[in-house]
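Everything below concerns the one structure shown next.
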Amino acid sequence: MKKLRLWPQSLVGQIIALVAIALFVAQAINFGLLLRERQRLELTGQTAPAVYRVVDALDNRVEREGDRQRGRMRARFVTGAPELTGQARPDVERRATVMFEDVGLRILSVRAVQTSEVMPVRRWERIRMRANGDGPHDHSVGLLTLAAEYEPGKWVVAQARSGGDRPQRFGGWLVGQTLILYVIVLLPLLWMGRRLARPLKQLTGSAQQFARTGAADAVDERGPGDVRDLTMAFNAMRARIIAMLDEKDRMLGAIGHDLRTPLASLRVRTESVEDDAERARMSETIDEMNRMLEDILSLARAGRSTQAAQKVDLAALADAVVEDFIELGSPVDLADCDRAVAFVRPQQIRRALRNLIENAIVYGDRAHVSVLHENGNIRIAVADEGPGIAEDRMEEMLEPFTRLEGSRNRETGGSGLGLALVRAIMAEHQGELRLANRPEGGLEASLLLPG
Amino acid sequence: MSDRPHLLLVDDERSIREPLAQYLGRNGFRVTAVESASEARLRLAANAIDMVILDIMMPGEDGLSLCRHIRETSEIPVILLTARTEETDRIVGLEMGADDYVLKPFSPRELVARIKVIFRRVATGGQRVTAPDGANYSFAGWMLKTQERTLVDSEGVSLPLSTAEYNLMLAFATRPNSVLSRDQLLDITQGREANAFDRAIDNQISRLRKKIEPDPKNPTLIKTVWGGGYTLSAEVRKL
């Protein structure tokens, strides 16, 4: 399943996204709480006038009873459940019950209905609405009728205007407030993030460069403290690794020199051996040791090449290498091939190809070389006519010092470093060494290079 | 006694110097073996030396410095013995004007063969063939890079050369517009990699033509000279 790419990948992006989401959730909760409180207030505001009239009526019941006709009827007493028309308001009933309890009135049951009708707006309402920024027009005002049973069968009914449902302007308020919060919180965060991200990006670049080339520039030590610490640690590590690699090169150079001198001495002395066959064998052994030494040094130096990569025609390279083998009388041939240009270090690819051809001749009698274009890659294939390699041993063959047991030509020896060296060279070129048994018999070793 | 060429062998390693001096002595040379550059300077001043065999890595004054001194003061041929194979070192050595070099461990027979090639050249009054000194040569849109043994075309793509092709190309590039006979070409090119060059020159010429001529059938760069040999017909610039 494809992952949604909405979620940012970078540290700073994630922090900002997270903070933005958290802010929004907090705002929403805040909004919910405020809304509830406001509704409660509104309900109280709607209920209170009617409740007040009921309470007032009950308190002044005695005087009122004899004076029923005087003035406007603010509350009337009825016996038996009153007929109430309109929309039932259970919320008002609940609120009224609580309010009656608060003032210590014993009320048996409460009923409330609301009728909605357009009524002239009172002056104080107009003032309030104007203060709230509401338009005074089209305002429907509800008439709330509240009936309270104060004694079994005896009810008091009161009416009062309710404010009606005023439009909610909370949504816009939430958005506005959230935006202000975002500006206040996210802008500094963004600034901080950039301060954090720049040295991290540099660090990444330097580390990648180091992995590719074995050398990289030191990273500027800046940004917040812990990033600076990380940069300093990286720089120290880089300096140490470079020092170690340099030391390794120096040491290998010294070993190479120190071993070659006695070998050279031995080689000169072999000439004084009378027996021709014996002398030939001795010098062969010395050459063998020297080759091994070269292989070890090359392998140890792999990945720290001083030669620059350049555009090279690999077909011409294969041709040149094969030609050198043919000059020496080796059974090697090259299939015709088109120009195949790749960005490589030619000396190293020559070396790799030579190693494969030598292997093919030693273990497979002949070497057939071809250069092919394959899916945007260039493949230099070296096929032989030998027995091939058991599939389960292929991987092992690439490890240093592995040699194919039971090879037809045990005497040939070799350091067992050939393929390991080829693999190291390929790795340095972002290429690949591939081994496969050919269907028609024999092994095919390929150098795969990005074209 | 003076018929025998007098070699001055300079090597600080006794284990190489002594057996090598013996071997060269057995092969018809008069050998004076010394262990340091300063001693070699004394011998050069006092004796008539025909060739110097010089180790590069020596304590005190090293072989390269001595080689430069010899080249500044005389025409005595120099063969360098070097244990280093890093290309950068090789080039530095050859810029000092050595005639040839062998890598340790070397076959004494090969050393003798190379000594003889150089003497033969001196005897026939041939031009000094210094080993490639790391310079590049450009001609007719091509560049010959001696360090990497490649030809670079006008698009900047390198065409690696085989050893034989390279030796031939170098011979032409260092002697542009002069006619080189097959024998001369063999002589020049065989000096360095003796065993790598036993195919006919013609064959190699045709391989080279295939690589660099716009139309190999009608060569315009490497031309055949009737009865003479071949010539590189192009302006060569040493870079």
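Note that Cβ sites are derived from N, Cα and C of the backbone, with glycine treated the same way.
Any TrEMBL annotation is an automated prediction that lacks curation.
Taken straight from TrEMBL:
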- B:134-234: DNA-binding region (DNA_BIND)
- B:6-119: domain 'Response regulatory' (DOMAIN)
- B:134-234: domain 'OmpR/PhoB-type' (DOMAIN)
- B:Asp55: 4-aspartylphosphate (MOD_RES)
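With DSSP states grouped into helix (H, G, I), strand (E, B) and coil, the domain 'OmpR/PhoB-type' (B:134-234) comes out at 36 helix, 23 strand, 42 coil.
Per-residue confidence over the domain 'Response regulatory' (B:6-119) averages out at a pLDDT of 84. Counting Cβ atoms from all protein chains shown, B:Asp55 (4-aspartylphosphate) has 24 others lying within 10 Å of its own Cβ. DSSP assigns the residue listed as '4-aspartylphosphate' to a strand segment in the three-state reduction.
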